[in-house]
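A.B. asks: If you scroll down you'll find the structure; I have some questions about it.
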Amino acid sequence: MTIKVGINGFGRIGRVLFRLAQKRSDIEIIAINDLLAPEYIAYMLKYDSTHGVFKKHITFDKDNIIINGKNIRVTSIKDPEKLMWHDLSIDVVIESTGLFLKREQAYKHILAGSKKVVVTGPSKDDIPMFVRGANFHKYQGESIVSNASCTTNCLAPLSKVIDDNFGIIEGLMTTVHASTATQKIVDGASDKDWRGGRGALQNIIPSSTGAAIAVGKVLPNLNGKLTGMAFRVPVSNVSVVDLTVRYKKSATYSEICQKIQQASQKEMKGIMGYTEDEVVSTDFNGEELTSIFDAKAGLSLNKNFVKLIAWYDNETGYSSKVLDLVSLVSKK
């Protein structure tokens, strides 16, 4: 049976996952709630500077955007509790405004009639986080869940493969992350993060991230063993994780690469990738895998200390796994 989905917040992630959902037979987007008018929503969906023109026929009226003749209801309601999820028989709401990251806030979608809620960002309280390749199998029917962050979706599968095979002692992660909509194009005020207010096009900007710590929440065996930071860089999309890790079971870099390659073909298929090509970031634009290991970019100091590199499209890969989580929560 098709899962009826409503999207609250039609920003970068909302639009990318909408495009991806059009390729899936198990998910149907029924409604979008955003403060933008249907005309502007249709325009932003059709034309995208990063992912190109959307190859569907798009029109609109005062209450809908229309994709290949199919109406998708559009509303502009600020309070999630007042949304019409019940009237539209919505099974799962994707909460992608970036604003409602606490249980009490996300629960308003349940009060409005949705059966389940998937939050597209790391939760700010006890909303459980689920990452494909890490802990999807532990889902027990919770009504409100988080898909964590794009960086956690890259780091967690890689960390699990290393920990399962070699036993992680401790590690530090750096993500070299593409610019996002929260940054300033030129220098501007950012009271909570002074460096974050500097011009995104002109600077490499050090930043904090909870992505590595969040791995310990989806993989409890790694709790307290990983932490990390970010550099925001002037590219529009695609990011890369640098995981420097110490592990128990001695192994050469080649042996580690072999285990990662095997995992990408078996238990991590559809999640992790493996490449020995001379790749750069734009080669992964539009990639739905969330962690593509770059064998030629990493190195080892000895048989217990290694640097591992994995690429990810921080928009497409993450959005793909949000839809996988929607599919998961609809079944229990």
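Cβ coordinates are placed from backbone N, Cα and C, and glycine is handled just like the others.
What you are looking at is a predicted structure, and each value in this text was computed from that prediction instead of being measured.
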A.B. asks: Kindly point out which candidate in Thr180, Thr244, Thr252 is recorded by Swiss-Prot as part of the D-glyceraldehyde 3-phosphate site with Ser149, Cys150, Thr151, Thr209, Gly210, Arg232.
C.D. replies: Thr180
A.B. asks: Compare the C-alpha of Ser149 (D-glyceraldehyde 3-phosphate binding site) with the C-alpha of each of the recorded positions Lys78, His177, Asn314, and give the closest one.
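C.D. replies: Nearest candidate: Asn314.
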A.B. asks: Round to a whole number and give the Cα-to-Cα distance in Å for the pair Thr151 (D-glyceraldehyde 3-phosphate binding site) and Thr120 (NAD(+) binding site).
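C.D. replies: The Cα atom of Thr151 (D-glyceraldehyde 3-phosphate binding site) is 12 Å away from the Cα atom of Thr120 (NAD(+) binding site).
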A.B. asks: Helix, strand or coil for Asp34 (NAD(+) binding site)? Use DSSP.
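C.D. replies: Looking at the DSSP assignment, Asp34 (NAD(+) binding site) belongs to neither helix nor strand, so coil.
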A.B. asks: Going by Cα-Cα distance, pick out whichever of the recorded positions Ile13, Lys78, Cys150, Arg232, Asn314 is nearest to His177 (site 'Activates thiol group during catalysis').
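C.D. replies: Comparing Cα positions, the candidate nearest His177 (site 'Activates thiol group during catalysis') turns out to be Arg232.
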A.B. asks: Counting across all protein chains present, how many other Cβ atoms fall within 10 Å of the Cβ of His177 (site 'Activates thiol group during catalysis')?
C.D. replies: 23
